[in-house]
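In what follows, a structure is listed as structure tokens, so that the remarks can point back to it.
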Amino acid sequence: MKALFILLLVQLCSASLVPEREKDPEYWRRQAQETLQNALRLQRLNQNVAKNLILFLGDGMGVSTVTAARILKGQLQHGQGEESLLEMDKFPFVALAKTYNTNAQVPDSAGTATAYLCGVKANEGTLGVSAGVTRDHCNTTKGQEVTSILRWAKEAGKAVGIVTTTRVTHATPSAAYAHSANRDWYSDGEMPPDALEGGCKDIARQLVENIPEIEVILGGGRKYMYPKNVSDVEYPHEEKHRGTRLDGRNLVQAWQEAKPHGKVAEYVWHRRGLLALNLSRVDFLLGLFEPGDMIYELDRNNETDPSLSEMVSVAIRMLQKNPRGFFLLVEGGRIDHGHHEGKAKQALHEAVELDRAIGLATRLTSTQDTLSVVTADHSHVFTFGGYTPRGNPIFGLAPMQSDVDRKPFTSILYGNGPGYKIVAGERENVSAVDFAHADYQAQSAVPLRQETHGGEDVAVFARGPMAHLLHGVHEQNYIPHAMAYAACIGSNRGHCNTAARPATPPLLPFLGLLLILLC
Ligand SMILES: [Zn+2]
């Protein structure tokens, strides 16, 4: 009797969850017809040459993260959530990328960054080098370096930029400019003696030396730029934030000095400094806003640290000054960190902020000349389920208790990670804890200090010239090949000067016909 009553109550409640308009079949038919009209319009392909390229990378932003972030975004705007659209959802072409590394089924961010930036799959933990390089083995590096789409764009005369919420020497951004047998060699202070003796260079030094004319570099990572024990400008009394370099160099100064005579190179470490810049008078911009990674968006100090969107806005306005166009890498780098910590709320708010940056970039550019691609390096063992009703708070409980241990559970769970919790020999009762807290660690099936990456494919969203080249299930290293083809940069340019892709309607045949008629 009691069970029947509860069932009746659930059915009554879920009936009221359905928005009135969705009860009308015409609503769904109309929506599908609009989608169909949009799809038919896409038959006329955008085959322009992409003047600008933007690659948005959500570190660890698997498909389950994308869906949960969409619901969160909708709920932040007071909707039920499921029906809302992320900016990336509006991209017309979507593909899947296979993320495995050459030596790993479940990949890491360094091997994958080498794939989607350099166009070559590589071993986990290695950056900007082929799979001939073994992690940690400095002496295997020489001759195995592979270059990135950022360098191809620079060589074609475009402006280039890197924006990230991690340290600028972290795996994703560093594959754009560095070559290293180990992703953790941030400065020489992190390198083992044999690697230093073998002549391998730390990643921060490579940032300054390898491609000295990167117009925009924004993110965290100050401490790797300064000599050991030099105190940090923002946290002068905190030992852990001090410089790490053994070679005694000041790489911020070296970065400034390496710029051509007469060019203006600005370094900023503070949000106000960034927003006060007169960008028309700045040729090169380096912004390092934290000693290590930037702070989670939910915890960010709005006085001292810019948001990802603010950094992207500055970067695009800087890069747009180059008449030959630009390449920009934008990383939402801490989605991954939130997940590793089992803190789904941090991870999803990072994903929503990346999406905000995508929307902003869309408004600052045109699909006629800008190819934008949104993807992830890999997924996580993050999931949500439990037959939650429509509009259930994304960080909320499933509507039933476990029929095994008779306890409630949150919809969001991890396959493994730090949220595994046994109390008095049993799974913790989540109704006794604040599971909506920003730092709540969702329960996991297996205890691990750090939750792990997931191995399934990730989505690739594309919009703009040649976006249709991203259309099926691809190897991840295909992405920069398609982007470079669209922009006529890199090695694959045979098609660029032929009549196959006229940027404007051909004028000569028309003039010829006119002449014949007139004569
Ligand atoms: Zn990770």
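Using the three backbone atoms N, Cα and C, a Cβ is placed for every residue, glycine included.
Note that TrEMBL annotation is computational and uncurated.
Residues or ranges marked as active site, phosphoserine intermediate in TrEMBL: SER109. In the three-state DSSP classification, SER109 (active site, phosphoserine intermediate) falls within a helix. Sequence-distant neighbours of SER109 (active site, phosphoserine intermediate) (same chain, 6+ apart, CB under 8 A from its CB) are ASP59, GLY60, HIS170, ALA171, THR172, ARG183, ASP336, ASP377, HIS378.
In this structure, ASP59 (Zn(2+) binding site) belongs to neither helix nor strand by DSSP; it is coil. Taken from TrEMBL, the feature Zn(2+) binding site covers ASP59, ASP336, HIS340, ASP377, HIS378, HIS453.
The feature Mg(2+) binding site is assigned by TrEMBL to ASP59, HIS170, THR172, GLU331. When secondary structure is read from DSSP and collapsed to three states, GLU331 (Mg(2+) binding site) falls in the strand class. Applying an 8 A CB threshold to same-chain residues 6+ apart, the list for GLU331 (Mg(2+) binding site) reads PHE56, LEU57, GLY58, ASP59, ILE162, VAL163, THR164, THR165, THR166, THR172, PRO173, GLY219.
Residues or ranges marked as signal peptide by TrEMBL: 1-15.
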Hey, for the Mg(2+) site built from ASP59, HIS170, THR172, GLU331, who else sits with CB inside 8 A of the CB center?
LEU57, SER109, ALA113, THR164, THR165, THR166, ALA171, PRO173, GLY332, GLY333, ASP336, ASP377
Can you tell me the three-state DSSP label for HIS453 (Zn(2+) binding site)?
strand
So among the binding-site residues HIS170, HIS340, HIS453, who's got the most Cβ atoms within 10 Å?
HIS170
Pick the one among the binding-site residues ASP59, ASP336, ASP377 whose Cβ has the fewest other Cβ atoms within 10 Å in this structure.
ASP336
HIS170 (Mg(2+) binding site): secondary structure state under DSSP, collapsed to three categories:
coil
Of HIS170, THR172, ASP336, listed as binding-site residues, which ones have a Cβ less than 6 Å away from ligand 1?
ASP336
I'd like the Cβ neighbour count for HIS378 (Zn(2+) binding site), meaning other Cβ atoms within 10 Å of its Cβ, all protein chains included.
28
What number of additional C-beta atoms lies within 10 angstroms of the C-beta atom of THR172 (Mg(2+) binding site)?
30
